[in-house]
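Trainee: Below is a structure I'd like to ask you about.
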Amino acid sequence: MATVPEPINEMMAYYSDENELLFEADGPKQMKSCIQHLDLGSMGDGNIQLQISHQLYNKSFRQVVSVIVAMEKLRNSAYAHVFHDDDLRSILSFIFEEEPVIFETSSDEFLCDAPVQSVKCKLQDREQKSLVLASPCVLKALHLLSQEMSREVVFCMSFVQGEERDNKIPVALGIKDKNLYLSCVKKGDTPTLQLEEVDPKVYPKRNMEKRFVFYKTEIKNTVEFESVLYPNWYISTSQIEERPVFLGHFRGGQDITDFRMETLSP
């Protein structure tokens, strides 16, 4: 069995300073080559030069062992370079091509697909008139006797997407067990209030169209509902009995814009 010579006997003599490292083996008959690694040179204080002596066309096992031992000496030398994050970043920049990341915005339907929070409630104006459904799409305000209170409309008030400001909360008002929502549309030059039939598979939803959205504002023990689509227009009732609920442009006058809200248990 062949024996491996002791590395210390075959170790190349070497000389190093701040700028170069020189390795020699086997005497003057050998041909010398000089290698300077440009990338490594840029990573430390000085360049690293490695001179390896080898006989032309005769690479003996002994010389290979000598090179390995010399490289171990180089790796453990006092001038060994400490590998930093910047070094890894510079290497990776040559391997991988940097590409810009493009963010695509999704539609509001996907961004706002969380379940809609809602409460059931009844509304009476400050004159204690109740809101009732007088015909399929007409909402009226009138006084009810105790035995008639079952006619009172129950609203499903949904909290929808919109800007909350000055204690104003965006809500939509639908009628319980009906596919009807209060909405604001313009007839001629005047905004008006109507009951609009909707698809129950789609509504209610977080991102309601603006015509369905009202700012709910609490004032002492009452609430008022301002149209988001038409600012300063409010859900209103008349002083006169059994008149349709409408969209009014005046507060604190003959038109009643403040309501008492009774929240019902789920």
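Placed from the backbone N, Cα and C atoms, the Cβ positions cover glycine too.
Annotations for this protein, taken from Swiss-Prot, read as follows:
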SITE      Lys168  site 'Important for interaction with integrin'
SITE      Lys176  site 'Important for interaction with integrin'
SITE      Lys178  site 'Important for interaction with integrin'
SITE      Lys187  site 'Important for interaction with integrin'
SITE      Lys201  site 'Important for interaction with integrin'
Trainee: Translate the DSSP assignment of Lys178 (site 'Important for interaction with integrin') into the three-state scheme.
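Mentor: Looking at the DSSP assignment, Lys178 (site 'Important for interaction with integrin') belongs to neither helix nor strand, so coil.
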Trainee: Measuring Cα to Cα, how many Å separate Lys176 (site 'Important for interaction with integrin') from Lys187 (site 'Important for interaction with integrin')?
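Mentor: Lys187 (site 'Important for interaction with integrin') has its Cα 27 Å from the Cα of Lys176 (site 'Important for interaction with integrin').
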Trainee: Could you check which of the recorded sites Lys168, Lys187, Lys201 is the closest Cα neighbour of Lys178 (site 'Important for interaction with integrin')?
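Mentor: Among Lys168, Lys187, Lys201, Lys201.
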Trainee: Do you know which of the recorded sites Lys176, Lys201 has the most other C-beta atoms within 10 angstroms of its C-beta?
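Mentor: Ranked by Cβ atoms within 10 Å, first place goes to Lys176.
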Trainee: Please identify, from the recorded sites Lys168, Lys178, Lys187, the residue with the sparsest Cβ neighbourhood, meaning fewest other Cβ atoms within 10 angstroms.
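Mentor: Lys187, out of the recorded sites Lys168, Lys178, Lys187, has the fewest neighbouring Cβ atoms within 10 Å.
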Trainee: Do you know offhand how many angstrom separate Lys187 (site 'Important for interaction with integrin') and Lys168 (site 'Important for interaction with integrin') by C-alpha?
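Mentor: Between the alpha carbons of Lys187 (site 'Important for interaction with integrin') and Lys168 (site 'Important for interaction with integrin') there are 26 Å.
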Trainee: In Å, rounded, how far does the Cα of Lys201 (site 'Important for interaction with integrin') sit from the Cα of Lys168 (site 'Important for interaction with integrin')?
Mentor: 28
Trainee: Could you find out if DSSP has Lys201 (site 'Important for interaction with integrin') as helix, strand or coil?
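Mentor: Its secondary structure by DSSP: coil.
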